[in-house]
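Student: Encoded as structure tokens, here's the structure I'll be asking about.
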Amino acid sequence: MSSNNDVYQHRVVSIGSLLLSAYGNVQLLFNYGKLSGEISTTPFSNFLIFMIVYWAVYYLVQLVYLNRVVSVNVDSSETNALAITHNLISFNTFTFIWSLLFRFRWYVVSEIVVIIELFVILNNYLNYKIYAFKPLKNFLLINLTNGSLPLSWIFFVLFWNGALMVHSTGFVARVLANIFIWDFLIIGVVFLTLFNDYTVGFSLSYLVLGMALNQLFTKFVALQWIFGFIISGLLLVISVGTILLKPKLKDQIVVQEESVGSATAPLLGGN
């Protein structure tokens, strides 16, 4: 059982990390116009409005999640509950650091930060089995906050930042991008197959759709936007199919009170 001081300190750090992340993203948004000629023309660049909506949704879900954590009785909190939230703190801190490096065009260093954070988030995702929480409301709130939305964003940034790092505007780079974009489909199918995590499928589908639309208006005579629409559509269809066809997911859709394990109850318990 965690001490009261540890729990309160953890809550302060969680909220502080959220504010840091928001500050970094807002600063990047204000400077987007100065960078747009460079960062919006790579084969993996996304529509600005798509990224804004993505983060708006993520911050909204995160606020709901943190509100539930803050409202939990301190005496009922457990170490595992706090450990899962380390993913959120880590991702928020990463976002702040990455946004600063990205804004100052330190693409090599920012790519290293992205790779490190990918391993951190993925390790926690697997160790704490964030994809396996039940019932459905707990699965969505915990996974969207600590798992699928951070993971999908990091996968996207890995390619976007990487494209800027290698100055991928030439013909050869575009051809390679036509190949690497299929990694989004592979990544999505892996998560859907191994973990039945349709939230990763939906979030990747959304981000790839934004890339496809951006490529359509940036470089019309190219295959990248065509592949993007195909991949986005396939991920959407497979994700919906996973919800409808996988027996394990049907248990999450049934509205009932289930035992959610020692890691779940402290996070989502009532007042």
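Counting begins at 1 with the first residue displayed.
Cβ coordinates are placed from backbone N, Cα and C, and glycine is handled just like the others.
TrEMBL feature annotations, pasted as is:
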TRANSMEM  12-32  transmembrane segment
TRANSMEM  44-61  transmembrane segment
TRANSMEM  81-101  transmembrane segment
TRANSMEM  107-126  transmembrane segment
TRANSMEM  138-159  transmembrane segment
TRANSMEM  171-192  transmembrane segment
TRANSMEM  199-217  transmembrane segment
TRANSMEM  223-245  transmembrane segment
Student: Are there 3 or more C-beta pairs under 8 Å linking the transmembrane segment (138-159) with the transmembrane segment (107-126), counting only pairs at least 6 apart in sequence?
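Tutor: These two stretches do touch.
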Student: Quickly jot the same-chain residues contacting the transmembrane segment (199-217) by Cβ under 8 Å, restricted to those at least six beyond its ends, or write none.
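Tutor: Residues 40, 43-47, 50-51, 54, 140, 143-144, 147-149, 151-153, 155-156, 181, 184, 187-188, 191-192, 224-229, 231-233, 235-236, 238-239, 242.
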Student: Could you pull out which residues elsewhere in the chain have a CB under 8 Å from any CB of the transmembrane segment (223-245), counting only those six or more residues past its ends?
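Tutor: Residues packing against the transmembrane segment (223-245) from afar: 43, 174, 177-178, 181-182, 184-185, 188-189, 192, 196, 198, 201-202, 204-206, 208-209, 211-216, 253.
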Student: For the transmembrane segment (138-159), which partner among 12-32, 44-61, 171-192 gives the most CB pairs under 8 Å?
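Tutor: It is 44-61, which has the most Cβ pairs under 8 Å.
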Student: Please report, as numbers and ranges, the same-chain residues at least 6 past the borders of the transmembrane segment (171-192) whose CB is under 8 Å from any CB of it.
Tutor: 42-44, 131, 148, 151, 155-156, 159, 163, 198, 200-201, 204-205, 207-208, 211, 219, 222-224, 227-228, 231, 234-235, 238-239, 242
